[in-house]
Amino acid sequence: MPARRFADGEVVMGRWPGSVLYYEVQVTGYNDVTHLYTVKYKDGTELELKESDIRSQSSFKPRKSQSSSSSPSRRNTSRSRSRSPGRPGRGRRRSSSQSRERKEDKKKALQETDLVLLKMNENNTRRYNGEPDSTERNDTSSKILEQKFKPDLDIQRILDQYSLHSRKEEKKKEEIYSEKKIFETVTTTEKASPKTKELEFGGRIGTFMMILFLPATVLYLLLMCKQDDPSLLNFPPPLPALESLWETKVFGIILLWFFLQALFYLLPIGKVVEGLPLSNGRKLQYRINGFYAFVLTAASIGALLYFQFELTYLYDHFLQFAVSAAAFSMALSIFLYVRSLRTPEEELAPGGNSGYLVYDFFTGHELNPRIGSFDLKYFCELRPGLMGWVVINLAMLLAEMKIHNQSMPSLAMVLVNSFQLLYVVDALWNEEAVLTTMDITHDGFGFMLAFGDLVWVPFVYSLQAFYLVSHPTAISWPAASAITVLNCIGYYIFRSANSQKNKFRRNPSDPKLAYLKFIPTATGKGLLVTGWWGFVRHPNYLGDIIMALAWSLPCGFNHILPYFYVIYFICLLIHREARDEHHCKKKYGLAWERYCQRVPYRIFPYIY
């Protein structure tokens, strides 16, 4: 094992990834396995560097130039010796060696001076863009560089004045300026896809258990809703025969639904937009046509009803549909993991690159798996599951009318369908906003998202409608009005907060957002401290929870089962909030600490 060179707490000079520039940093840790040092810059940014990218401060101390170190008398003596007629050969040899040394010094001075000019130009660009100046971020290192390269600036001015640059020197200058581009985007392979070290969800054992636990939870909830008394005391529910859970026709309908939505996704309608920059600087293109696909889906369902197709078939075979969707999501997850094994390193997900098969399979190994221009993760995020949720709710409404011989659906069923339809239509209408979420920008596409999008969303989010079919609840108009107001409040908070964040991320200089104040960060992004994001740190989560409560209230208070979604949603959002906190603290450093001081409450104002 190689000996450790730098100790914790030692102040050294660290090279910024993708750049040839060094900044003053403090060593905060060392990994004995990867042999990487964790260092902290003055702005709070923490990175892992190799030992070869770290140098002691003594190596950056200003050097005395050769001309100033030698006295005038010695210079005159050496000049007279070289001109002595009695020693012509030695004088020529010495003059030729000195000429070579001067050329090498001039070449080195040129390269080092270019770095100074590059640094000055970079800082001017940052000031113009309103970003924190790297010289302001690290005054000590900049002074060292200026003192070191100041004697060589005159050489650069002379070379520029008389155009004395060689072709090789011009080529080197181009390479240095390409380093600047890399520095600005911070796009090295190590930065793009580091190994996942901090495992979530309980690590390998936890993710393995969740692969088994999530399908079992869906099955349990649906079986409980079928019981006459869905009390928690009636556990476990009677299990059906295994052969009754599978039906080939149902699986065929699942495949047909998936490929129908894929066809709508590929239609050349709707605008094409760019997503946020990836770690390698590239921007993927996405076609925004989710709302058009929803309209086409509604027309297709309307045609089926017109031709007397029994949509209540969904209710009668609901368990089989859930099992078939789970089987399909498992097959898709296996396909995604196998293809990710041949994916380039820079295209892997930062949170799913641990090297452990089960963990990477669950969280998603590849960030943006695509077949041509068909983005699998983006497609599954909003299409089959979200629209399937609406179709299932409609099937439950028709099943309630059929089973209870009603000419009209109950008020509770109408409220549940209306609230959740609004949520889905809003998501599809504001489809572009999903491109800035962590699901798209950070999480890989594996079992977690595949199962969540294709099984959990349509079959668990429709739990209230499924419950009301077997357990009808009568509510008064005043109660319905109060629940409607509650849902509208939650929706307003959710939509306005998300729109505010999305517009600011897309274009912080938009004049319409001039009233918003923010804290600048070292990444060039800002942290909003006014508007909804100055009220609590995650106002969109607050709106989500309020809406989830409004969706459950029409089911009454006889059983806790319809409120499973509320309990689950609170637990999920608290987990995601803690995850976001950790991610933001690591990403933004001291700026995030300042933000937390300005905005102390996370989700619930004055509570949490």
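One is the number of the first residue shown, and numbering goes on along the chain from there.
Glycine is treated like the rest: Cβ placed from N, Cα and C.
The structure displayed is predicted, hence computed values, not measured ones.
The compositional bias 'Low complexity' annotation in TrEMBL covers 55-75.
According to TrEMBL, the feature compositional bias 'Basic residues' maps to 76-95.
Feature annotation from TrEMBL assigns compositional bias 'Basic and acidic residues' to 99-111 (among others).
Per TrEMBL, compositional bias 'Basic and acidic residues' is recorded for 124-146 (among others).
Annotated domain 'Tudor' per TrEMBL: 4-62, in sequence order.
Residues or ranges marked as region 'Disordered' in TrEMBL: 52-146.
Counting same-chain residues at least six beyond the ends of the transmembrane segment (201-223), those with a Cβ under 8 angstroms from any Cβ of the stretch are 236-240, 318-319, 322-323, 326, 356, 358-359, 361-363, 447-448, 451, 455-456, 459-460, 463, 466, 561, 564. The annotation transmembrane segment is assigned in TrEMBL to 201-223 (among others).
Marked as transmembrane segment by TrEMBL: 250-267 (among others). Long-range contacts of the transmembrane segment (250-267) within the same chain: residues 287, 289, 292-293, 296-297, 300, 317, 320-321, 324-325, 327-328, 374, 379, 383-384, 387-388, 454, each at least 6 residues beyond the stretch ends and with a Cβ under 8 Å from a Cβ of the stretch.
Non-local neighbours of the transmembrane segment (288-307) in the same chain are 260-261, 264-265, 267, 269-273, 382-383, 387, 391, 394, 424-425, 427-429, 431-432; each lies 6+ residues outside the stretch with a CB under 8 Å from one of its CB atoms. Taken from TrEMBL, the feature transmembrane segment applies to 288-307 (among others).
Away from its own ends, the transmembrane segment (319-338) comes close to residues 215, 218-219, 222-223, 240, 244-247, 250-251, 253-255, 258, 357, 360-361, 364-366, 369, 376, 445-447, 450-451, 453-455, 458-459 of its chain (Cβ-Cβ under 8 Å, at least six residues beyond either end). The transmembrane segment feature in TrEMBL is assigned to 319-338 (among others).
Under the heading transmembrane segment, TrEMBL lists 449-469 (among others).
Residues or ranges marked as transmembrane segment by TrEMBL: 475-494 (among others).
Sequence-distant contacts of the transmembrane segment (515-536), counting only residues of its own chain at least 6 positions beyond either end whose CB sits under 8 Å from a CB of the stretch, comprise 41, 43-45, 129-132, 137, 493, 496-497, 500-501, 504-505, 508, 542, 587-589, 591-592, 594-595, 598-599, 601-605. Look at TrEMBL and you will find 515-536 (among others) tagged as transmembrane segment.
Beyond the transmembrane segment (556-575), the same-chain residues lying 6 or more positions past its ends with a Cβ under 8 Å from any Cβ of the stretch are 221, 224-225, 230-232, 412, 460-461, 463-464, 467, 471, 473, 475, 538, 541, 544-545, 548-549, 603. Annotated transmembrane segment per TrEMBL: 556-575 (among others), in sequence order.
For the domain 'Tudor' (4-62), DSSP puts the residue distribution at 7 helix, 27 strand, 25 coil.
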